[in-house]
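In Swiss-Prot this protein carries:
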| type | residues | note |
| --- | --- | --- |
| TOPO_DOM | 1-17 | topological domain 'Cytoplasmic' |
| TRANSMEM | 18-38 | transmembrane segment |
| TOPO_DOM | 39-418 | topological domain 'Lumenal' |
| BINDING | 96-98, 117-118, 120-122, 142-143, L157, S159, T176, A198, Y229, K233, T259, H265, R270 | NAD(+) binding site |
| BINDING | L147, Y148, K175, N183, G186, K189, R190, Y243, Q246, E247 | UDP-alpha-D-glucuronate binding site |
| CARBOHYD | N314 | N-linked glycosylation site |
| CARBOHYD | N383 | N-linked glycosylation site |
| REGION | 397-418 | region 'Disordered' |
| COMPBIAS | 406-418 | compositional bias 'Basic residues' |
Amino acid sequence: MMRMSWMVTVINRRMMKILIALALIAYIASVWGTYANMRSIQEHGEMKIEQRIDEAVGPLREKIRELELSFTQKYPPVKFLSEKDRKRILITGGAGFVGSHLTDKLMMDGHEVTVVDNFFTGRKRNVEHWIGHENFELINHDVVEPLYIEVDQIYHLASPASPPNYMYNPIKTLKTNTIGTLNMLGLAKRVGARLLLASTSEVYGDPEVHPQNEDYWGHVNPIGPRACYDEGKRVAETMCYAYMKQEGVEVRVARIFNTFGSRMHMNDGRVVSNFILQALQGEALTVYGSGSQTRAFQYVSDLVNGLVSLMNSNISSPVNLGNPEEHTILEFAQLIKSLVASRSHIQFLPEAQDDPQRRRPDIRKAKLLLGWEPVVPLEEGLNKTIQYFSRELEHQANNQYIPKPKAARMKKGRPRHN
């Protein structure tokens, strides 16, 4: 009976979409009718009038396209959930690299997902395969402005995460991580939602404890070139626990270590994307410093599973999500060269300021309390990512993505080994 009720609801929604589409078409017709009358009265200024009409009609065309997709597009398979089990979920930064993969998982699990993104680093095409689906909504919105929506869970991922992007606009990065987090906590308080903050291993800075566990307070330069991101996330964590203690908001905090996979920006300045792109294009692989710095890399699907497990757990203290398998940057460069079968040479450049020398997560807490640990082998994840980057380069060469994503500019500093 419940399934029949759900099917009737879906049919009613589709009927509403048809009515909305017809109303939009009628509106466009009236606009063009007005335009025709104006042209008959006014002989000059045609281009200006036409421009104004295009500005008015453009968003309507986009809406009609979305409505058409809802009838014609084939979506990935979605699990059926009852009203009791289906959650209304908000993902800030949901059109970005990690956010779009999280969107895929939650949609396929049968939940209702609203993605909020200002498209500074997110891309609509990362989630366009869901546009028009009954359970999906995409909102162009900046989290530094308040948002009013009824949800059960909030995954707060919105923030530039690569050095070129957060160094390009450090004030914006700080605002997103402070004011944006404050707005999401306020929303969680108003509607009684649980909030998961996507924090970062950067809160540990250049660590003096190795591997890093959740009790380590960190070693961060508060005025260095990366401080806008590192300290922004530290403040965001502080605000989460202040709201938990004072307002009773349910919070979860994930400290995310280096992650890679499809939908990464090719020019985002992180070591994985840098090395793969350079190897594919036959350019020198640029290593900053000696290459003895270490990192631990996890594939994006492992991270997404960890985020969902943490959200649905009863763990309110911070949890590291990363791969404890440690590699030097030089070893990593040589591995990518081998996987790509590239003849590129390795070029050593001066070390970047405040570049952490060692980074490796202690994930005993995640293993014990969440039953989570990475399962995708490094080479398997890298091969998938290399294939994705190869397709991206081919598409760009054929002008299949218009406009192409713009590379973020850096005011100061150089890319580091994120």
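Heads up, residue numbers simply count up from 1 along the chain you see.
Cβ atoms are placed via backbone N, Cα and C, with glycine included.
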Smallest number of other CB atoms within 10 Å: among the binding-site residues R190, K233, R270, that is R190
Among the binding-site residues listed as G96, V143, R190, Q246, R270, the Cα nearest the Cα of N314 (N-linked glycosylation site) belongs to Q246
Least Cβ-packed of the binding-site residues G96, G186 (other Cβ atoms within 10 Å) is G186
For T121 (NAD(+) binding site), the spatially nearest of the recorded positions L147, G186, R190, Q246, N383, using Cα atoms, is L147
Across all protein chains shown, the one of the binding-site residues V143, L147 with the most other Cβ atoms within 10 Å of its Cβ is V143
Quick note, T176 (NAD(+) binding site): same-chain residues at least 6 apart with CB under 8 Å of its CB -> D142, V143, V144, A158, S159, P160, G232
Listed in sequence order, the residues of the same chain lying six or more positions from N383 (N-linked glycosylation site) whose CB sits under 8 Å from its CB are L339
Neighbour count check, CB within 10 A, over binding-site residues T121, Q246; minimum at Q246
Comparing local Cβ density (other Cβ atoms within 10 Å) for the recorded positions D117, K175, N314 points to D117
